[in-house]
Amino acid sequence: ADATGRYTTGFFWGNNFWSGSKSLCEQLDVNATMEDAVPFRREHRLSLDLELLGSKSHTFVHSWIDYLMRRFASVGIRNGSRKILMGLCLPSSCRDKDVLTLLKVAQRNSASEPRAVQVIDVKIPHHSYAIWQDTTFWILFIVTGFVAGMIFIGTTYDLYLIHKSKHFFSENYTYEISRASPPRLGETDVKLDIGNFTQTTTPSPTGGIVNHGMKCSTRDLTESMNTISSTTDSSQTSNKQGVITQVLLSFSVRLNLMAICDQSVGSDTLPTIHGLRSITMGWVILGHTCFTMFKYSDNMEYRRVVEKQFLFQTLNNAPFSVDTFFFISGLLVSFLYFRTISRINISELTHTTGMLSNVLQYLGLIAYRFGRLTVPYMYVLGVNELVMKWIHYNAVFEDVTEDHETCPKYWWRNAMYINTLFPVKEMCMLWSWYLSDDTQFYLLGCVLLILAVKHFKVAAVFLVIFLFSSWCTTAFIAYDNNHIPNVDDPLALFDKIYDKPWTRLGPYLIGMLVGWILYKTECKIHMNKVTVVVGWLVSLGGLFALVYGLHGIRLHPVVAAAYSSLSHSLWAIALSWIVIACSTGHGGYINKLLSNTLLYPFSRVTYCAYLVHPIIIRTMVLRPDSPVHLNTQVVGIIFFGQAVAAYILSFIVSLMFEAPVVSLLKILNPEETEETLMKLTM
């Protein structure tokens, strides 16, 4: 009886999952004796979306339920028809049409007046998905095997070079000592130079030599013992390693892990960005965890109660976290571009001048970004497709995004970063909308940056035009759809406002402006104490107001449209002060927090963490037989587990696909440091 779903407690709290127990249904025959076993095999069937429309029979009972529904509605719980997912444990020979017939018979044969129930769909989670017959699986299998092989070869070769370097140093040191004749009394000290190391000896009155030890800088020691791109012998260093050697070392786990976990930053780095990026990624994981769990909980109406609490605004306004990513992207693209062109001659790189040079430069920037992002992106997309197919055919719950169908059909839109230009129902990896928008912003930003080199005022005018156009477009769409922030669901207009590039452009353009300011001032801006204090108060107060300021307030449609239009840009403006103040020596303790070296590794794998964390969340929520019961403690614990799992997998994906690509790109452009290359996303 427990294997088949039925009415249970929590109905008024939104428990729409009468799922029973799929695992129990499958185990009934396994543990049964020959006498108890039935002459057929049982399987779990799910009647998806049994829409309860209500009934007019039993006036007293109906009136009492209606009274209860009104009472619950008074505290924010919705009334109306309900869609129920009901699990049935039936013989495996039953098909979809048999389940429909069974439910209709049960509806007609009820003791009272026929129930107003509509069966919308039937799902049979019967393990029919054969992953071995999926082309995507074999593509991922081959790619994973190839990369794993390259990692093994590269890491082994790296360790071999370390051993060879140590052995070479030991032999040369012994040789230099042995060929140095003992000095006579009164002569000066003897210094033996071996690569970057200096061995000093002093004559001893007894006729021997006093060894004063080896002198070298810490950097020399680290480079000589750990950096395998060269050896201690100057002649071997000057020859450089071949391309094949550099390619192999690009897959070395040791070298890539050292690059990710490096506690130092280059001169072209803004340390504050690492802190902003890491904290924002945690906010994104928290928001996705909570909103996904709410959809598959047995008390989903509890959300309408906690939404009225002050701290819930942290989740309700989590979309601002993505604006932080847009702001950081625009800032880094602008800052690093101007820094780069100030050091190199673009015409020498393109071997041409004028418009053709600009076109080649633009194509080079686009090609670099495409190579930098697409390899880990497409791999994770393939993994997501397989996971969602397995869940669709085997899990009790159904994912609302239907990635098992959209990814095989429309993956090419993701590869071209244009998926936000199509309906959301056709989108593969719903969270990939950010990558699409950010890449489209990058295409526009590169045009403005190249134009700004020789025609700065023209580029500035275009930037302002695009900014105002984005504001006006967002305001019009919000007003036309009567969108009320803090009252409507944050994702209510996902296909009209949330994911569209023309409504999210503001923070990116503001980030570009801040990047130019930091470049022009060389991160040196003098401010008196009053300016610093006022700046911090306005910035932090603005961020706090944007997240929590609308609590308990319902805006007029015109004001709501203006807020929807300007709030994202205001968020970026508030962040601008934080970055400028921290980068120019006015950050104080906040700068110490955001620039903490412990955050550097997490910041460098943010891109991969963003890609993989929704897959982990979906698997955790959709895989069990029954829904989860939510409360503050459960959400906190699950969020912590999701964050840890996401970062563990992100390090693995980064070591396999992201860091090697960065190293390979460094071979093509040796003047760029790995730190710079790692910063050009998220």
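Every residue, even glycine, has its Cβ placed from backbone N, Cα and C.
For the domain 'Nose resistant-to-fluoxetine protein N-terminal' (2-102), the model's pLDDT averages out at 61. The domain 'Nose resistant-to-fluoxetine protein N-terminal' annotation in TrEMBL covers 2-102.
Per TrEMBL, domain 'Acyltransferase 3' is recorded for 273-657.
Taken from TrEMBL, the feature transmembrane segment applies to 137-160 (among others).
If you look up TrEMBL, you'll see 317-338 (among others) marked as transmembrane segment. Panel annotation: around the transmembrane segment (317-338), residues 268, 270, 273, 276-277, 280, 283-284, 286-287, 434, 437-438, 441-442, 445-446, 449, 486, 490, 498, 504, 507-516, 518-520, 546-548, 567-568, 571-572, 575-576, 579, 676, 679-682 of the same chain, lying at least six beyond its termini, place a Cβ under 8 Å from a Cβ of the stretch.
The feature transmembrane segment is assigned by TrEMBL to 359-380 (among others).
Annotation comment: TrEMBL describes 431-451 (among others) as transmembrane segment.
Here TrEMBL flags 458-479 (among others) as transmembrane segment.
According to TrEMBL, the feature transmembrane segment maps to 502-519 (among others).
Nonlocal intrachain contacts for the transmembrane segment (531-550), taken as residues 6+ away from its ends with a CB within less than 8 angstroms of a stretch CB, comprise 310, 313-314, 317, 320, 485-486, 563, 567, 570-571, 573-575, 577-578, 581, 586, 590. Sequence annotations record features per position, and here TrEMBL assigns transmembrane segment to 531-550 (among others).
Annotation source TrEMBL lists transmembrane segment at 570-590 (among others).
The feature transmembrane segment is assigned by TrEMBL to 602-622 (among others). Tertiary proximity for the transmembrane segment (602-622) is limited to same-chain residues at least six positions away from its ends with a CB under 8 Å from its CB atoms, namely 259-260, 273-275, 277-278, 281, 284-285, 288-289, 292-293, 295-296, 373, 376-377, 380, 383-384, 387-388, 391, 395-399, 429-431, 434, 628, 638, 642-643, 645-647, 649-651, 653-654, 657-658, 678, 681-682.
According to TrEMBL, the feature transmembrane segment maps to 634-657 (among others).
The stretch from 137-160, 502-519, 570-590, 634-657 that makes the most Cβ contacts under 8 Å with the transmembrane segment (359-380) is 634-657. A contact links the transmembrane segment (570-590) to the transmembrane segment (502-519), because at least 3 Cβ pairs that are 6 or more residues apart lie under 8 A.
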